[in-house]
Amino acid sequence: MDFFGGVRPLLFSYVLINGILITLQTKEEVLLDMRATGGELGWLTWPLEQGDKPGWEVVQRTLNGSQFYTYSVCNVGEREQDNWLRTTFIQRRPSASRVFVEIQFIVRDCNSFDGASLTCKETFNLFTSESDADVGTTFRKGQFKKVATIAPDEITSKNELRINEETRVVENLSRKGFYLAFQDIGACVALLSVRVYYKTCPATVKSLASFPETVAGGENQALRKVSGVCVENAVSKEQPRIYCTVDGEWVVPVGQCQCRPGYEEVEDACQECQPGFFKAAASSDKCEPCPANTQGPDSGALFCPCMDGFYRAPNDPPTGPCSGLPSAPRDLVATTTQLSAGKLLLSWSPPEDTGGRTDITYSVDCQRCEGSACQPCGEKIRYEPSSVGLTDTKVSVSELDAHLNYTFTVEAHSGVSVFASQAAPQAHRPPSTSALTTSLHYTDPPKITTMRLVERTSTTLSLSWDVSPRPRVQLRPIRYELTYRKKDDNLDVTTYIVLKLEKNSVQISDLDPGTAYLFRVQALSSDGSPGGSSVEEQFETSSEGLLTHNTALVLCLAVGAAVVLFIVVVVLFLRRRRRNTHTRQGPEDTYFSSSEQLKPLKTYVDPHTYEDPNIAVLKFATEIHPSHITKQKVIGAGEFGEVYRGILKVPGRKEVAVAIKTLKPGYTEKQRQDFLSEASYHGAVLPPEHHPSGGGGHQI
């Protein structure tokens, strides 16, 4: 029974248009397409022979030169219908365990038959059967497994076409291929299209990771994990992966590939940085232009090297700009005040060109010049807060002397200064220093620098002192004020004596013997007022009745001269006597002479002929233990130290009164050498009984 005569032209127009749209799908791998065959389908119908009651039959139509085949069945006027239509063998891809069956069909409305239908149905059934090989025309219903009952959403009347489309899923396929079968149980059905396919997640590149085409998972594996690989010149800390859904869509990418240093992402690939650009690390960032004062002549640069004359400090990032040296500080000036003698303030302005840096610091150097000769100012000069590492543009300098030319050099530094000095010759470096020569002009009054004791007796003290340098044009006579008093523990009862002096030395008389005095001296200004700088020292007179240093020295020299003369006379006498004895005695008499004759004579040798006075002392003097000497009191003072009266008591010998000369604390090396020379001299000219202390004492 043919019920589609009026609707077939519409039917085939729809089939053509819909087929074109379906071909645009890209995520589906088609295993069977009824319309794409274009010829005899070769599907098997069962039962094979039904006489005048055919089951499924193929209908061929030509549209625009193309043939289309459909299968239809419409035995609604008969009872107990069981008509089967089986496809050809469909080979399966091993990973495609889940396939989709898309059916386009028309179902006739049972009410449109005007009561002529005896067993009219509006549904049909879908079956499947797996096999490892094509079984040909062999058909056994028992080998098929029902997939679904297909019911239309819309039914077709006599003159109105209603096309339905249903998609069913066949799960858990495991064999090499399978068959599909459609069972008619009494419906009026036309199969317009049957398409069998499985879904895939197409090959793709995401986040510079390449993922292969992957068959979508089934209901037992809704998300299929797929591992990828980074594209060329891309790296990743962990292997990238992504998940393929049952619908053939990529979701949840994990891990990310990034272009290597020197490369950037361009359309899912990594390309080298162009000349003048760089990229220092693996990242998703684009290549950056070379920063200031750098150059990037090559492609694929990891960083841009500095241009000549520019540098990077160790803490500077390699991706940052390069810096030049700062120019010299500007407007260097020195400011002095009358209220702060020996002090000035240096100030300046920052460099006009900082070299592109903010870590500018300054250092100050001082040279003291007299004429054309200059030398470092030394540690005497004080800087506040410091002479190096200055971040402010000023520094206070103190402890300066008046009327000396000081040259101050201020240098600007930055984080690259030390590297610039190592990398470039000094001649090619831009100047970073400013110099200023200045002097302090305060003259009234000058500064007292030192005060010293020249000579002393039991009642007098001779003093002198020095003043700071002054310019020749201002060498006016200086008057001084000397104040002295006895050193007394009772500070409440104190008497000062004040002297106005015209020269820088004085002898104070009428002093008490063995008494300490405190002296303070300061220069007076032109109007007679005291200056702000003074020096205070303590000196002590010698004890009354004792020899002074000079007197003791003269006495020692006189005694030494007498001893030398005595030795010369004795030597001449003994030589003459020996000559006379040789004329009367034989050779054997020499060995039997008296004990006085056998004593060796000591020949005088000048100790000053020895370059090292330590050797001269060992040669001519004898050391004795300090416990054998007792100091009693001071009898004089001199250049080297104090002269004491004392007692020498050597075991086995009688006590002897001696003069003991000492070396004062704080002696210089020259004073020590002179002291040892004098000791060796006395040891050479005096007999042993006159210098028991090894040259440092004399018997009196």
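Each Cβ is built from the backbone N, Cα and C atoms, and glycine gets one as well.
Summarising the annotation, TrEMBL assigns domain 'Fibronectin type-III' to 328-436 (among others). Across the domain 'Fibronectin type-III' (328-436), the model assigns an average pLDDT of 83.
The helix, strand and coil residue counts that DSSP assigns across the domain 'Fibronectin type-III' (445-544) are 3 helix, 52 strand, 45 coil. Taken from TrEMBL, the feature domain 'Fibronectin type-III' covers 445-544 (among others).
What TrEMBL records for 552-574 is transmembrane segment.
The annotation domain 'Protein kinase' is assigned in TrEMBL to 629-700.
The Cβ neighbour count for Lys661 (ATP binding site), using a 10 Å radius over every protein chain in view, is 25. DSSP assigns Lys661 (ATP binding site) to a strand segment in the three-state reduction. Here TrEMBL flags Lys661 as ATP binding site.
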